[in-house]
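Q: Reproduced below are the annotations present in TrEMBL:
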type     : residues                                                             : note
ACT_SITE : B:GLU327                                                             : active site, proton acceptor
ACT_SITE : B:HIS328                                                             : active site, proton acceptor
BINDING  : B:TYR127, B:GLN189, B:ASN212                                         : NAD(+) binding site
BINDING  : B:SER238, B:GLN260, B:HIS263, B:HIS328, B:ASP361, B:GLU415, B:HIS420 : substrate binding site
BINDING  : B:GLN260, B:HIS263, B:ASP361, B:HIS420                               : Zn(2+) binding site
Protein chains: 2
Amino acid sequence: MRRCDWNALDEQARAALLRRPAQRAGEEVSRAVAAIVERVRAEGDDAVRALGLRFDGIAPAALEVPEAEFEAAEAALPASLRAAIDEARERIAAFHRAGMSAPYALDTAEGVRCERILRPIARVGLYVPAGSAPLPSTALMLGVPAQLAGCPQVVLCTPPRRDGSADPAVLYAARRCGIARVFRIGGAQAIAAMAFGTASVPKCDKLFGPGNAYVTEAKRQVALLEDGAAIDMPAGPSEVLVIADAGASPAFVAADLLSQAEHGPDSQALLVSDSRALIEAVAERIEEQLARLPRAEIARQALRSSRLIEVDSIGQALEVSNRYAPEHLILALRDARAWLPRVQAAGSVFLGDWAAEALGDYCSGTNHVLPTAGAARAVGGLNVASFQIAITVQEVQPNGLREIGPCAVELASAEGLHAHREAVALRLREVGA
Amino acid sequence: MRRCDWNALDEQARAALLRRPAQRAGEEVSRAVAAIVERVRAEGDDAVRALGLRFDGIAPAALEVPEAEFEAAEAALPASLRAAIDEARERIAAFHRAGMSAPYALDTAEGVRCERILRPIARVGLYVPAGSAPLPSTALMLGVPAQLAGCPQVVLCTPPRRDGSADPAVLYAARRCGIARVFRIGGAQAIAAMAFGTASVPKCDKLFGPGNAYVTEAKRQVALLEDGAAIDMPAGPSEVLVIADAGASPAFVAADLLSQAEHGPDSQALLVSDSRALIEAVAERIEEQLARLPRAEIARQALRSSRLIEVDSIGQALEVSNRYAPEHLILALRDARAWLPRVQAAGSVFLGDWAAEALGDYCSGTNHVLPTAGAARAVGGLNVASFQIAITVQEVQPNGLREIGPCAVELASAEGLHAHREAVALRLREVGA
């Protein structure tokens, strides 16, 4: 891992230090995905099966998971795992429910009632990856808010296993979120199938969930097409920034950096500290822990773009963090809460020594689908509102028209929009104003 | 305007009837915009000035509006217009303030506090078009929520007039929203300048506002670039769908359809009614009112893609509307409020005969930056949250770790993420669990 002293760097070197590994899919991925998207749009299920055979080596004849497979999945799952999924679901649901918006109404003038009402998005599509391992936790993070929003049609796609079945833990988690329909489809073809619809897969209005470079590029492409679908956010490789002081536990900090690094070779883990001793101790612990890690090779690759950054003060560490805008921010500080007001941009924040980032990934209650690649400067993570449409409403009585109509007439005149002015003026004449 | 009977159409004909005029910028616009974006990124202010000279025929030496021009603008504006801007601003602020989210916290287990906190987006850029006419109302619709969110840096770009100055009404509205810095830059070059920053124009994290095909394409392009900026929404041509019953006023309905049509040749105005007599009367009134309209030529072009659709019942009209998902939906019905629960997807809804759509454009209090082109199936219009970041936080005590840690360990094991498991297990050992 590269170590450096922030205050020894000039502006250009600082910018280079905080640059993410390249995000955008290369031209080759982009072209390949465009071909997949076009083919699924034109040929539907046949294309989905042919592409599954080519990329996953398997294409279940029935793309949709049959009822019997759900039952078998539940029976096959260890009781401890079922209990953990149930427990995580409860806390995720509790936190997300507490954050739901309510509709509201306000009389902005006498006789003018303005409102905001909420509707679930009618048709949503969830993608749950299963690359090196299946991710039942992601099924919960997508399924719980969709269920709370009350989306009438929720479908989920997840890649088939070698034997053509879907992962039992993902199926169990999906059912606990009330998801009736799961399809054994992975990759860009799953995204295209949900965006355009096929004979088996219903068309969706908005697509959610993380994925590899192909899935992410497919989401980007269908979001740009007129008959495509909206998407939650462009999800890039995962990242963490840890701010630790001299009192932090080097072993905990090392473990948090490594749990980010094991996600994939393009994950990024940054440590920012005002203590050189802590930085050195963390570097040592990383080597020790790495030796015991099954996914050590992946982690080692990710650690190449990781950084150990020494700063003057914790205040300066916060400046570095706000500039980077990390997906996950750990404040391993003696007075972590006191520093929270200084956090300007981050996806999710972990306060103190006991809040391992992995707790947020699974079961603290917050969502783990979060903005990456600096997107935290402008957007937040997934929540129930991501599955809802906010619609404004205005109801105007004749007295309300008399009250606010002249203002509209004046502004429409200034903007040279005569039909706008007339639509109001005509009504004003009718009510004798 | 094309008239048709919904129930005489087959599925294919219905889909064709509700298709919007083509949205995506053609290859030519896309290439031209890419060149502009690249040039502004590379050459900064020099490129902005050169492009302004080429496209607007004018390039103010100082891109930023000087303080004296703000003062002159306020002095030059008629008192009635100043009062109308102030009045509209008050109602827009009242409605938007009432809809602001609050931070919240929930103990999801003993010793586990989860929160959602809100931060203003640090640097936002607003674009206010001035094509056929300046749009002070748009300055309010963007400036008011930015001010309520408390964004520390707000800049506004608007095309210069022939004499190189900015429109006085736009300047006045900007100042009433506390916007300190306004730049006389229009088109794709304004979007690029705010996305990347130049010597004069500060770089922004998120860009807001409507615009022509070039502006919209520029927003789309900078949103895809890694060092670009987030955007509010892809804003296409404006549209209205009116549902009217036999008791509706043909003159009001005609005026509302025309006020949509006068926006531009690619605007769309649809009428859906269960009364053939009403449809015929509206068609007549449109011709009468059109004769008196200064922007009749634009409106006539837009009316070519407009439709008068006869249905069996108001229930069926709502089905047509939900399928189309209009930006503006007018319910010119005797019992408009009773039908509101049936609205599933729309940007803003106008209830009854007196709620002219133009009132929402200017001063009812709702925002007029709304989803077009069917985007209302998945997103709502602009509000204060569009200018905020929601950040989740978790604070965990040792007892909280004992409470939820084992659940994370179980799930991390199932997902094969060993470093995740270890980051929690290590801490559990430390607290003796």
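Every residue, even glycine, has its Cβ placed from backbone N, Cα and C.
Tell me about the setting of these features in this model.
A: When secondary structure is read from DSSP and collapsed to three states, B:GLU327 (active site, proton acceptor) falls in the coil class. Counting only residues at least six positions away in the same chain, the Cβ atoms of B:SER238, B:GLU239, B:VAL240, B:ALA346, B:GLY347, B:SER348, B:LEU370, B:PRO371, B:THR372, B:ALA376 sit under 8 Å from the Cβ of B:GLU327 (active site, proton acceptor).
Long-range C-beta contacts of B:HIS328 (active site, proton acceptor), restricted to its own chain and to partners at least six residues apart, with a cutoff below 8 Å, comprise B:SER238, B:GLU239, B:VAL240, B:LEU241, B:GLN260, B:ALA346, B:GLY347, B:SER348, B:PHE350, B:GLU357, B:GLY360, B:LEU370.
Secondary structure at B:ASN212 (NAD(+) binding site), as computed by DSSP, is coil.
Counted within 10 Å of its Cβ, the other Cβ atoms near B:GLN260 (substrate binding site) come to 32, all protein chains included. Under the three-state DSSP scheme, B:GLN260 (substrate binding site) falls in the helix class.
DSSP assigns B:ASP361 (substrate binding site) to a helical segment in the three-state reduction. Applying an 8 A CB threshold to same-chain residues 6+ apart, the list for B:ASP361 (substrate binding site) reads B:SER137, B:HIS368.
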Q: Using a Cβ cut-off of under 8 Å to chain A, which of the recorded positions B:TYR127, B:GLN189, B:SER238, B:HIS328 qualify?
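A: Near chain A, no listed recorded positions qualify.
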Q: Near B:ASN212 (NAD(+) binding site), which residues of its own chain have a C-beta under 8 A away, given they sit six or more steps off in sequence?
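A: Non-local contacts for B:ASN212 (NAD(+) binding site): B:PRO129, B:GLY131, B:GLY187.
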Q: So for B:TYR127 (NAD(+) binding site), how many other CB atoms are inside 10 Å of its CB?
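A: Within a 10 Å radius of the Cβ of B:TYR127 (NAD(+) binding site) lie 27 other Cβ atoms.
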Q: Starting from each candidate's C-beta and looking 10 angstroms out, tell me which of the binding-site residues B:HIS263, B:HIS420 has the most other C-beta atoms.
A: B:HIS420
Q: Cα of B:TYR127 (NAD(+) binding site) to Cα of B:HIS263 (substrate binding site): how many Å, rounded?
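A: Roughly 17 Å, rounded to the nearest whole number.
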Q: Do me a favour and check the Cα-Cα span between B:HIS420 (substrate binding site) and B:GLN189 (NAD(+) binding site); whole Å is fine.
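A: Roughly 46 Å, rounded to the nearest whole number.
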Q: Which has the fewest other Cβ atoms within 10 Å: B:GLN189, B:SER238, the binding-site residues listed?
A: B:SER238
